[in-house]
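Chemist: Sending over a structure as structure tokens; questions will come in a sec.
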Amino acid sequence: MSPENSASKENSQFTVEKIIVAGNRGPCGGVNMAIGTVDQVLNIVGGREDVFTNWSIVHNDPILKEFQERGLVVMDNDWSKVPDGSIVLFSAHGVPPRFRKIAEERNYLVIDTSCQLVTRVHNLVKKAEKEGKHVIYIGKKGHPETIGVMEEVQEENITLIESQTDVQCLKIGTGVDYIVYSQTTLMTSETDEIEEALRAKFPDIYIPDKLGICYATFNRQAAVKGLIDSGIDMLIVVGSQQSHNSEMLRRMGERAGINSAKLDYPKQLNLNWLANSKRVGFTSGASVLDKFLKPVINKVKTIAPNVPVVYQQQAVEERDLTFILPQESIDRLKARFS
């Protein structure tokens, strides 16, 4: 079918009456800090040498593509690709201690964009070990944030839990204090369920309030709940496939019985998905700038320009948290090229 015929078919099925955009959406303070840092670094270097990052600096393909076009090299934790003395950016997800050791041994100029809320969990886990406690960590196996936290302490002093099933299999010894922390980007409803299962099985276990869930993760999930409560019948989440927090937003819609999709670019939005939908909700993950959300909304507007776009108020008032740029490292980089 030609694009023209396809558009005609889509138009005939189009029943959308309103587009509703979540109030809490898009980049968090940690992501803004990381993106701002990378932008500064690439401007200072100006293409005179490669700038490496151990992982996608944030889990957002469009912004990563922009940075790669300016000289950022994602080496996927393969340190053999990084010459001694290179410029290395640690991703916003945080890194395990062994990466810092490699950087020191090979004289890298390190610029750390780790989210300070993730770093806080690293520090809490280390503190717990020093106090003789065993950490129960709720997270996703293989996620860079989970890897970084789990490797902060001795393997025997931390246990990864991914589900309620893991809780049922968990055995806790006597004479040891246990404390629970979590990956910052998890779905709050899922961590609540795991928390309840832990309390039911181990009444004396200590679970700090909110476990470490990021304020932006919590707020964006609250906003999606607001979209669901408003009666949307389709949810579009703008976010990359590997973005865990974006996937959690999509799953919220799915769990509520609403057709839900996650995508990066307008070309990935099949307007046939909107057939028989009247109220379409839009949101974006915590790594997604508004400039990547708007073109997806505009694709819908091209076929129905008169459909109103309503921006909801924030479900949770979001304080303007300031995340500190790694200025000392940036100054060292400036001196290198002065």
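Backbone N, Cα and C atoms are what each Cβ position is placed from, and that goes for glycine too.
Pulled these from TrEMBL:
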- C28, C115, C214: [4Fe-4S] cluster binding site (BINDING)
- H59, H93, H143, T184, S243, N245, S287: (2E)-4-hydroxy-3-methylbut-2-enyl diphosphate binding site (BINDING)
- H59, H93, H143, S243, N245, S287: isopentenyl diphosphate binding site (BINDING)
- H59, H93, H143, S243, N245, S287: dimethylallyl diphosphate binding site (BINDING)
- E145: active site, proton donor (ACT_SITE)
Chemist: Within 10 angstroms of the C-beta of H143 ((2E)-4-hydroxy-3-methylbut-2-enyl diphosphate binding site), what count of other C-beta atoms is obtained when all protein chains are considered?
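Modeler: 17, counting other Cβ atoms within 10 Å of H143 ((2E)-4-hydroxy-3-methylbut-2-enyl diphosphate binding site).
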Chemist: Filter the binding-site residues H59, H93, H143, T184, S243 down to those whose C-alpha lies within 10 angstroms of the C-alpha of C214 ([4Fe-4S] cluster binding site); answer none if the list is empty.
Modeler: T184
Chemist: Of H59, H93, H143, S243, N245, S287, which binding-site residues come within 10 Å of C115 ([4Fe-4S] cluster binding site), going by C-alpha to C-alpha distance?
Modeler: H93
Chemist: Among the binding-site residues listed here, T184, S243, N245, S287, which has the most company in the form of other Cβ atoms within 10 Å of its Cβ?
Modeler: S287
Chemist: What other residues of the same chain, not counting H59, H93, H143, S243, N245, S287, have a CB atom within 8 A of the CB centroid of the isopentenyl diphosphate site?
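Modeler: Leaving out the recorded residues gives V58, E145, T185, S240, Q242, H244, S246, G285, A286.
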Chemist: Filter the binding-site residues C28, H59, T184, S243, N245 down to the ones within 10 angstroms of E145 (active site, proton donor), Cα to Cα, kept in sequence order.
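Modeler: If one measures from the Cα of E145 (active site, proton donor), the binding-site residues that come within 10 Å are T184.
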Chemist: In three-state terms from DSSP, label E145 (active site, proton donor) for me.
Modeler: helix
Chemist: I need the neighbours of the [4Fe-4S] cluster site defined by C28, C115, C214. Which other residues of that chain put their C-beta within 8 angstroms of the C-beta centroid, in sequence order?
Modeler: G29, G30, V31, A92, L117, V118, T184, T185, Y215, A216, T217, A286
Chemist: For the C-alpha pair, I'd like the distance in angstrom between H143 ((2E)-4-hydroxy-3-methylbut-2-enyl diphosphate binding site) and C28 ([4Fe-4S] cluster binding site), rounded off.
Modeler: 19
Chemist: Looking only at Cβ atoms, how many others are within 10 Å of the one on E145 (active site, proton donor)?
Modeler: 25
Chemist: Can you give me the Cα-Cα distance between C28 ([4Fe-4S] cluster binding site) and H59 ((2E)-4-hydroxy-3-methylbut-2-enyl diphosphate binding site) in Å, rounded to a whole number?
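Modeler: Counting only the Cα atoms, the answer is 13 Å.
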Chemist: Using DSSP, would you call C214 ([4Fe-4S] cluster binding site) helix, strand or coil?
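Modeler: Going by the DSSP assignment, C214 ([4Fe-4S] cluster binding site) belongs to neither helix nor strand, so it counts as coil.
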